[in-house]
Each structure stands twice: as structure tokens, then as C-alpha cells.
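Participant: One structure is given below, represented as C-alpha cells, and several questions about it will come after.
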Amino acid sequence: MAFATRHFVRAASSDAATAAAKKLLIKHVTIIGGGLMGAGIAQVAAASGHTVVLVDQSDEILKKSTKGIEESLKRVIKKKFADKPEAGAEFIKKTLKNLTTSTDAASVVHSTDLVIEAIVENLEVKNKLFKTLDKFAPEHTIFASNTSSLQITKMANATTRQDRFGGLHFFNPVPMMKLVEVIKTPMTSQKTFESLVDFSKAVGKSPVSCKDTPGFIVNRLLVPYMMEAVRLFERGDASKEDIDVAMKLGAGYPMGPFELLDYVGLDTSKYIIDGWHSLEPNNPLFAPSPLLNKLVEEKKLGKKTGEGFYKYK
């Protein structure tokens, strides 16, 4: 019996080792989109020793992205290397050495292990991108989207690599926020999923797993919460100021729901809730808000336009 047990343990260990060996060790990463999210993902990937290519439509955008990454790295070393300025300077040098830029996505994906898309939240645009890159990327390359609200499955279906496709939802600002939601569609292979989890850990994040459900975990809870706050205000049950104070002091939230809506952007919030409403029109949590629609129509989108639910100087 003891021999059988030892044999079983050795066999199980061997199986585990084989499974681990099958996972893809991600070394080379291509990030499509040089905005805040894409640049942030590029920064943490390069800082953790990955070879990174950041792609966008113009050199002007990429120069702005690179400058933003350099400024962000300077803030990082002030905290991380406060007493070791030379080590901090070396950290920045190594990170930037790992990072290059390009305006031609098709030409740089031929040697990449992972493609992360962080472009506009438009399914048609994303699908067009993935369909194109699918023709140029190697067979082993994993595709991932940083979308916060769109279905990963619909993007995967635009490619021939549904089993090598998943979601990697980072949070803004990426260098500061520790969470990554790793999304597994019904077609995502276990090997792909584990490779994405390992990559998330390698860049210093704490991954959580979720199925391909609207909003995943955080936004699935957060967006209906914000919309319910708007409905509370629309009914005249409480003022937006009192609702914000209540949630900050009563629930310990750093921002109230109306402050958060203005920070996120009312147009972004409307886009998300409209998309979910089209998927589940009978779900009351996804019902559109007349007030939110009115503010967006008036171009009062929050902090970025100077006015949303509140006015900003």
C-alpha cells in the first residue's frame, strides 16, 4: 500500500510538472494602444523584465506615451528607491531598454508571445484589429483584450485562435492598482488561462478569475451601484451631495458614486450600461437613466469637460 501511495504521489508530481511545462512562459509582449491603459501595461511589463513593443497609430502619440511612462517611473523610484538614487536610475534605464515602439502592429507580432489590446471600446474596431493580427502572429501567441465591458467571446470569434484568447482587465492607473481580472471564455484553454495568470503575477499584480460575463467582477458590481445612485437622485430620495457623503462616510468608499461617475466619464458609463441593456433588456440593473442620457447629450461628461454631475474649474 505504501509503495502504491508513493507511486501515485510520484505520478501526480510528474503530471503536475508536465502540465506546468505546457504553459507558455510569456517573455515578449505586444501592446496595442498607447493611451493611459496601454502605456501603463507597457510600463509594468517592461519593469518586470519583459520585452515590450507598444503600438499606436502615430509616432506623436507614442512619444507622448513614452514621456508619460518616464514620468511615471520617476514617481515610482521616489518611493521604491528613496535612499538609493543610483539604483533608481538603473531601474529606469533597464525598464526603458525593454521598451520599444512601433506604428505597424502586423510587423511586430511575428515574434511575440502575448498581444494585449487596449484601444477604443468599440467591438467592431477591436474585431478588425484581432482578425488582422491573427494572420501575422505565430501559432503559440496568446491574444488578450483589456476591455472593461465588451464580450471577450465575440472578439475571440473574430480569430482562428479561440483557445488562445482571453481577457486581461487591468485597472487605472495600472502602475498603482494591484488587481487584474483574468477572463476565461468557454473556448479558452486551461494552458492559456494559466499562462495569463502567471503573466499577471510576473508583472506584480494579483489576478482574479472570472467567466465572460458582463462587466466581469468589479464593473459588474460597480456600474449597477453607480446607476442605482443616479436613480435614487432622479426619484428625489436624496441629493447627489448627500449620497456621495453617505457612501464615503458610511461605506468607507474613497469617492462617492457621483464623484466616481464624473471621474470615469459619463459617456463611458452610458456606453457600458447601454451595451449591457442591449444584452439583457429585461434586467432592471441595466436600465438606462434619463438624467445620464441628458447630461451626455449636453456634452457634460464629467471632469474631462469641466462639468458632469458637478462643475469643475
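Glycine is no exception: its Cβ is also placed from the backbone N, Cα and C atoms.
Pulled the feature table from TrEMBL, pasting it below:
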BINDING   Gly33, Gly34, Gly35, Leu36, Met37, Gly38, Asp56, Glu121, Lys126, Ser148, Asn172, Lys304  NAD(+) binding site
BINDING   Ser72, Lys79, Ser148  CoA binding site
DOMAIN    28-213  domain '3-hydroxyacyl-CoA dehydrogenase NAD binding'
DOMAIN    215-312  domain '3-hydroxyacyl-CoA dehydrogenase C-terminal'
SITE      His169  site 'Important for catalytic activity'
Participant: Record lists Ser72, Lys79, Ser148 as binding CoA; longest Cα-Cα distance in Å?
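Facilitator: Overall maximum Cα spacing for these binding residues reaches 29 Å.
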Participant: Hey, how far is Met37 (NAD(+) binding site) from His169 (site 'Important for catalytic activity'), Cα to Cα, in Å?
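Facilitator: Per the Cα atoms, Met37 (NAD(+) binding site) and His169 (site 'Important for catalytic activity') stand 10 Å apart.
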Participant: Sort out the sequence-distant neighbours of Lys126 (NAD(+) binding site) for me: same chain, 6+ apart, CB within less than 8 Å of its CB, listed by position.
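Facilitator: Spatial neighbours, sequence-distant, of Lys126 (NAD(+) binding site): Glu117, Ile119, Val120, Ser145, Thr147, Leu150, Met155, Ala158.
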Participant: Just to be sure I understand the packing, how many Cβ atoms besides its own are within 10 Å of the Cβ of Gly33 (NAD(+) binding site)?
Facilitator: 24
Participant: Which whole number of Å gives the largest C-alpha distance between any two of Gly33, Gly34, Gly35, Leu36, Met37, Gly38, Asp56, Glu121, Lys126, Ser148, Asn172, Lys304, the residues noted as binding NAD(+)?
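Facilitator: 24 Å is the greatest Cα spacing among the residues binding NAD(+).
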Participant: By the count of other Cβ atoms within 10 Å, pick out the sparsest of the binding-site residues Ser72, Ser148, Asn172.
Facilitator: Asn172
Participant: What is the interatomic distance between the Cα atoms of Ser72 (CoA binding site) and His169 (site 'Important for catalytic activity'), given in whole Å?
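Facilitator: The separation of the Cα atoms works out to 20 Å.
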Participant: Reported in the order helix, strand, coil, what are the DSSP residue counts of the domain '3-hydroxyacyl-CoA dehydrogenase C-terminal' (215-312)?
Facilitator: 64 helix, 3 strand, 31 coil
Participant: I need the CA-to-CA distance for Ser148 (CoA binding site) versus His169 (site 'Important for catalytic activity'), whole Å please.
Facilitator: 6
Participant: Just name the most isolated of the recorded positions Lys79, His169, going by other Cβ atoms within 10 Å of its Cβ.
Facilitator: Lys79
Participant: Measuring CA to CA, name the entry from the binding-site residues Gly33, Gly35, Asp56, Asn172 that ends up nearest Lys79 (CoA binding site).
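Facilitator: It is Asn172, whose Cα lies nearest.
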Participant: When neighbour density is defined as the number of other C-beta atoms within 10 angstroms of a residue's C-beta, which of the binding-site residues Gly35, Met37, Asp56 has the lowest density?
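Facilitator: If we count Cβ atoms within 10 Å for the binding-site residues Gly35, Met37, Asp56, the smallest count is at Gly35.
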Participant: Taking just the CA atoms, what is the gap between Gly33 (NAD(+) binding site) and His169 (site 'Important for catalytic activity') in Å?
Facilitator: 14
